[in-house]
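Summarising the annotation, Swiss-Prot assigns active site to 295, 431, 451. Residues or ranges marked as disulfide bond in Swiss-Prot: 292-333, 326-366, 424-472. Residues annotated as N-linked glycosylation site in Swiss-Prot: 160, 195, 367, 378, 440. Sequence annotations record features per position, and here Swiss-Prot assigns signal peptide to 1-19 based on sequence analysis.
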């Protein structure tokens, strides 16, 4: 492994490099009451995943269950605790040594999207070894002091992204000794600000440990960012990296080829020094995709809204729900591609407005009515990967649908983001957004990006990314509808 990759792996910043903190258990499981009926289906699914690959006679049996659910629309995230009974095993073909019957205490996290279950986490151990707090990461509040220090927010723009360019960041003063008290206070403010409720003390304790790990991770991202961005507490700070990626991002963007689009005609590379379609009436308000990986739909409707405004003179807020329900080439909350969405709009005969076909945040039956369609598109085009030409196209033609690597966005607060290229690879794009403008802040060039995570994220719902360096793959999947 290259030296800089070894360092980034040590810092826990490469995808999947750090496991999420395990969820703590409650020892007094005998006192659990009957489970809510809605917990049974996700629990059975988790049990099925637990037993997958096990020989007959060795499969565990479900015992007691408890848990909680967090909802958005019909998307549900279940945090479950269950006891499992493992049968004794005396078959030498299956077990090397005889194994007596034992009880396991497990925690599972299951995502349910219209009955489709995904197991996000499985953590099990014998009951007698699971005591309150045992699942928490060792020294959760101070693990950062052993690996990375209280790092300065400003540092040189090191273009040579190697081991030597970041190793000095490990040699600063350690984190303060009163960090646990500070973190508890910050977490309390987070809970109040974002109206979080947790089912039990164990769940709250576990979310606190996730929060602390996330703050350490945000500090590392802050230290290695070459822009002016500030990272820290956001509404996603109590979600593990895996939860965040599964619920809000769109890995289909890097896995599926999508429909082939023709290349857009060049408008040249002469662009005004700055441009912002928000101030010119071509951009609707920031929307919120909720617990649904539907960023692709919001990116496309935002582009079509702008194209319709520029060519027809009317700004309409268009329906993402129509695409979730009626675009059969894409996968609704499980992800999609802008190129497929353009084809779906064209084949359907247009888009209805948000008022007529409102967003639900989950897939339902297609209720598109051609009579209610307010806009149409004639075609779609792929744009240049040259950022100067992209800026010129945007200034002349309107907002652009793009896809980016969302590294660091879970903790983004404000400023111009510029992660190191190895951390924000252009080949690992997983989030679709909308370019609405560009400019400079204190001589730092940026793209102004409309996101779909609500106005309580980022700069009132907007993300600012470095322009001119191909940051996070912003130039790799740019496209637009064509409205004549």
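Including glycine, each Cβ sits where the backbone N, Cα and C put it.
Positions of Swiss-Prot features highlighted on the structure.
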residue : record                      : Cβ neighbours (10 Å)
295     : active site                 : 28
326     : disulfide bond              : 21
333     : disulfide bond              : 26
366     : disulfide bond              : 14
367     : N-linked glycosylation site : 14
378     : N-linked glycosylation site : 11
431     : active site                 : 28
440     : N-linked glycosylation site : 12
451     : active site                 : 28
472     : disulfide bond              : 31
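It is 19 Å from the Cα atom of residue 440 (N-linked glycosylation site) to that of residue 451 (active site). For residue 333 (disulfide bond), the nearest neighbour among the recorded positions 366, 378, 424, 472, judged by Cα separation, is 366.
Counting every protein chain shown, the Cβ of residue 292 (disulfide bond) has 27 other Cβ atoms within 10 Å. Separation of the C-alpha atoms of residue 195 (N-linked glycosylation site) and residue 431 (active site): 26 Å, rounded to the nearest whole number. Counting Cβ atoms from all protein chains shown, residue 195 (N-linked glycosylation site) has 7 others lying within 10 Å of its own Cβ. Candidate active-site residues: 295, 431, 451. Nearest to residue 378 (N-linked glycosylation site) by Cα distance: 295. Counting every protein chain shown, the Cβ of residue 424 (disulfide bond) has 27 other Cβ atoms within 10 Å. In this structure, residue 451 (active site) belongs to neither helix nor strand by DSSP; it is coil. In the three-state DSSP classification, residue 431 (active site) falls within a strand. Ranking the active-site residues 295, 431, 451 by the distance of their Cα atoms from the Cα of residue 326 (disulfide bond) places 295 first.
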